[in-house]
Every structure is written in C-alpha cells, then in structure tokens.
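Chemist: Structure in structure tokens, see below.
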Amino acid sequence: MGEYELASLEEESLYRPPSIASKASSQRPLTATREKKRYFGGWRSGLAISTSAAAFVTLANIIFLGVVGARVNRNGGALWTGDCKTAKEYSLWLHLAINALATVLLGAGNYTQQVLTGPTRQEIDQAHDKRQWLDIGVSSIHNLTKISIKRVAAWTILAFSSLPIHLLYNSVVAFETSANYFSVYTATPNDLKEQTLANVTKSYKNLKSSLSQFDKLPVDECLSAYRRNLLSKRGDVILVMDTDFPYLWNNDSLPVEINPLQTQPPSKNWMCNLNSVSGRAVSHQSWDWECDTAAIKADNWTIEFDIQLDSGLKPRQAVKVDHCYSKHTLEHCKVVVNLPLLGVVIACNFVKLIGLALTWLYLEKRPLLTLGDAVDSFLTNPDSATDKRHLMSKVSGKRLSWEPGPRAWFPQKRRWATAVSWRRYGITVLLCIVTIITAAILLSMGLNTLGHPSMTALWDRGFGQVNVDSLIDFSVYNINGATKMVVISNLPQLILSLLYTAINGMWTTMLVGAEWNSYGMKHKGLRTTYPVGKQRKTYWLSLPLSIFFVKVVLWRNDKLLVDSYASDTTTCGYSPIAIIFSIILGSLILLATIGGSMRTMTPVIPTGATCSAVISSACHAPEDDEDAAAGYVRWGVVPGTDHCSMTSLAAEDPVIGKWYQ
C-alpha cells in the first residue's frame, strides 16, 4: 500500500530534478499531511475547489426543491401570489441567486475541462515522435484527438451537462404577471346621478351597484394609471367630462371593451381614439396607428364626438375630460417554479458533480496546464524529438518544420493576432459580427413595429419589463408551449456564452504569447501549477437579459378569469433598451479584441507559445545548468556557443542573420 502511495505522490513530483525526486523517494510512506497535499495541493487544488463548488450548487438546488416543492404543488406551480411589486422582488432575488449558482457551476466545469485537455508529458512525447504537436496553456479542442479516451469522455460529459444550465436553469423560476380586461365608459356629472340611471343599457345600469368600488381620480392620476400597458391594479374606468354633454347616456349607450393583449391597433389607443357609441354621440376614430399617450396632458385630454341627430350630423364637438372614476382591483401576480425543469437541472448537476469528482480523485498523471509547467518539464527532462531543432517556431497559417540543423535568426515584427490560428481568429470574429448584425436587424424590425420610439421612451420601458407591444407572436410560426418558449428565450444566453468562451480563448492565447516573449527579455521565475524554488504560483486562465420568458394571465373583476378570450399567453418578450446595451457592449468587446490583436510585438524568442514542439525545442539547457527550472530562466544564446535555449545561466540576445543550433 505504501509503495502505491509513493508512486502516486511522485506523479506530483514528475519531471522534477533528480536531486529533488531522490529526496521524495527516500521518505517513508505518506503521512496524513502529505495525503492531504496530494489531493489539495498544486494543480489538484483547483479541481478540489471546482468539485466543492459543484457539490454546493447541487446541494442548494436540492434544498430549494425540498423547501418549495410541496408548496408549489399545492398552489398549482405558484411559489408566491399577490401584489406585483413583491412578486417582482422575489423573482429578481431568486434569479440573481440562480445566475450566481450557474456562474459558479459553469466556471468549475470550464476549469476542469481545461485540465482534462491539458496534455501529459507522455502524450506530448508520443505526439512529437509522430511529428505532431499539442496545445499547452489554453483550453484546446485540438488536443481531444491526442489525449486518453477516458479524459475525452469526461470532457464530453462536462460539456453536454452544461447545456441544460444555459437553456433551462434561468427559467426554473418565472414571474407571472396579470392583466385586467376592462371597460371604458364616458359620462357627464349629471349622468352619474341616481335618477338618471333609468334609461340606459344594462352595462351602464350595473355601474349603480358598483360605484362604491371606484376611486375618484383627477385627470393626471387617471392618465398615469391607464398609460400602463398591462393594468393589474386598475379595472373599469368612467371618463367624466367637464360639461353636461346631453348625448352620452341613454338606452343605446355602450362601453368600450379593452383587451390588454390587443396589439392591432394597440390597446392603449383608446386614450386617443375612443371608438365608442354613447347614445347618439359617436366618438371620432382617427387613423393614427400608435397613440402617443405621453403627449396627452392633464389639461387638454379631450374626446371628439360626432353627434348623429335625426336632422343630420351635428358639427364635431370636442369634450374635455374633467376627472375619472377608476375601479381598484386586486393584483394576481405570481412567482412560479417549474419543478420538472428543476429536476432536470439537478440531474445534470449530479452528472457534472460526478465528472468533476472523478477527475479530481482519479486523474493520476499530472497534465501540463501552463507555459511554465511545460518549460519546467522540458528543462528537467529534455525532449530528444526536438534536439538540434532549437529555433523551431510556429506562425499561424504555416506548417511547423521538424527538419534538424542550424537555423538563421530573422525575427519579424508580428501582431498579437499571429499567436492565434487564422481559422480560430476568423471564425470567432465572423460569428461575433454575424451575431451583432442579426441582433441589430431584429431590433430594427421590433422598433419599426413600435413606431420608432425615442431613446427616452425606450428607457422608460425598463429592462426586462413586460410590454404588450414587445411580446413576440410565435403562433404565426406554429410554435407554442411553455417548454419551447423557455428554450427560445435562453438561446441568446447560450450563444453569448459560446462567443464569450471563444473570445476568452483568443485573449488567453495572445496573452500566453506575450508571456512567452517576455522570457526572451530577462530572467524570471516560471509560473507553474506546482511551484518550487523561484517559480511562481499560477493564476487561473479563465474569465464566466435582453430576451425573457413571460406569462400573462387575463383577469376580469378580480376573481373572474376571462373565458371569451385566451385566458393566458405564454410567449417570449424582448426589452429593446437591453438589446441596445447588449449590442453596444458586444461591439465594444469585439473592437477591443480586434484592437488588442493588432498590437505589434518584436519577437525576442521563437514564436509559437502554445505549441508543445516550439516550447520543447527552446528547452535544451547546457549540461552544467542543473536545476534550471527551479531558478530564474531566460531564453537566449549561451555565451561562447551557437546554442540557444532556456537557461538559468547568463544568456545573450541572438544576432539577426546568424545561424544557431
């Protein structure tokens, strides 16, 4: 047992100088302290943190399921029902918690996936023997064809278990708003007196028994209350004119019925174009498509009427609104929890947790995760496959030459972008541009539907606020159902996550290239995952709603759910101002990435920082340079020779045009 444990420990000390390795082999079997160091030290510490984070997220989801499950089942999916302000606050905090947990889980998965694609020294040696190379220091799909099948399987499981987090997790909790279907009545002060209620239609006569439920509002408060797209606190309204207009109420009087989900024409148009019949007074219908309710002022809110008399049509008369009576209603907003979606997310959490735990506990051979790890390994155990090839370099778009022999030093000023393969660079930038243009086109189409509102009007709509005219009608595409809406609403998040990963990979590659070049300028300690001597501890090379899911339920008179129309609508909505900010932010990130990649750099070391063969060829130190990797190292010409290498001894700059081994 002790011998097995010693062998496992030496995996951690793999490729250390003989003087260090011999000390480890002479020690007694592992103590509890060294056992702890085996699982929590060096490169494994990141895996331990990732596994612990995944366990915490999984446990938090299970506790949440246990706490809310029974309540949600009793209430038909609702965790909380009541006023919309409180429901929004609960929904906001729950979504903040969900996004925090998702970020932790995805970060843990991304780190572990990078560890899994990190090649071992044995895999690098096998690749070099076949004149192939592997990526070092970056998360690499290229390496998947060269590493062990077990690690490929683990990487695949972690990748696919992340999909439900992107597509489902954010919709486990949803805010369900309510909207009142209401009627608009017109009246004069005299019309509301009891004795005048005899010769009116039934709908008007019913107001007599319910007037006590109405609040008298001045015009400014009435406008403020009914300018909203979806009314949840207010219902039927009586517009009271400032004059005794004799034609409004009689046995032909009919109210205007308002469906809050109507978009053609918009439901708010009644405030400008009250298309109603009140006795012999017919309110004038203008042909404005969109009612600019913001332009209506309290002192000039008027309704125009055409008066139809037996003798003919009386000239149009404008009547000013003096005040209104508004019916106060209870709000029916909800915070709903989708238990089946939560179950799927928890199942995927378990899969990811198992994958992380197995990687942490059973990944025996130490991967080379950073540039410093690779330099450490090759300086300690030089690679015969790159011997006498000490000026090997790799430039994007050019084939790596494995031919032995001396090479001339001709450094050329290069841009940071050359550290990234032209295919990776081109595809990433193209996908970013296509995404931004697509978002801009869809936004333009949406703004055209909204009548090209001003930025102030868009800002007033808020981030993620439900507006009827910004709900997307998928029925024309025969796309219905809550599950489909959940997936559609979260697709942009998945796309942005993939683009983020691609851009992060580009920046990581360029920064590794800059770090590699710095080793040709001065002596410095290596940055490794298991530092010894003068080496430095590594930092993590990983960096982690404009479309939303919405359900609107129609209510009438507090408790009566409307049956004559679709009683609820489950669809996706969009927030124009949030999309605008996303486009601006995305464009700035893309421009910063392109601008950063255009920075120039004069190579003072062979280019190809993430290429294992290039790193290997630069690490053939002089024989008298013992334990070089543990000290301060620099790449350059060994004095008195034509040999270039990483060394802890003195090193000189190579001469342009001179041939070196």
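Heads up, the Cβ atoms here are built off N, Cα and C, so glycines get one too.
According to TrEMBL, the feature domain 'DUF6536' maps to 43-190. Under the heading transmembrane segment, TrEMBL lists 46-70, 90-111, 339-363, 425-447, 494-517, 538-554, 574-594.
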Chemist: Is the transmembrane segment (46-70) close to the transmembrane segment (425-447), in the sense of at least 3 CB pairs under 8 angstroms with a sequence gap of 6 or more?
Modeler: no
Chemist: Which listed stretch (46-70, 494-517, 574-594) has the most C-beta pairs under 8 A with the transmembrane segment (339-363)?
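Modeler: Comparing 46-70, 494-517, 574-594 against the transmembrane segment (339-363), the winner is 46-70.
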Chemist: Averaged across the domain 'DUF6536' (43-190), what pLDDT does the model get? Just tell me the whole number, please.
Modeler: 88
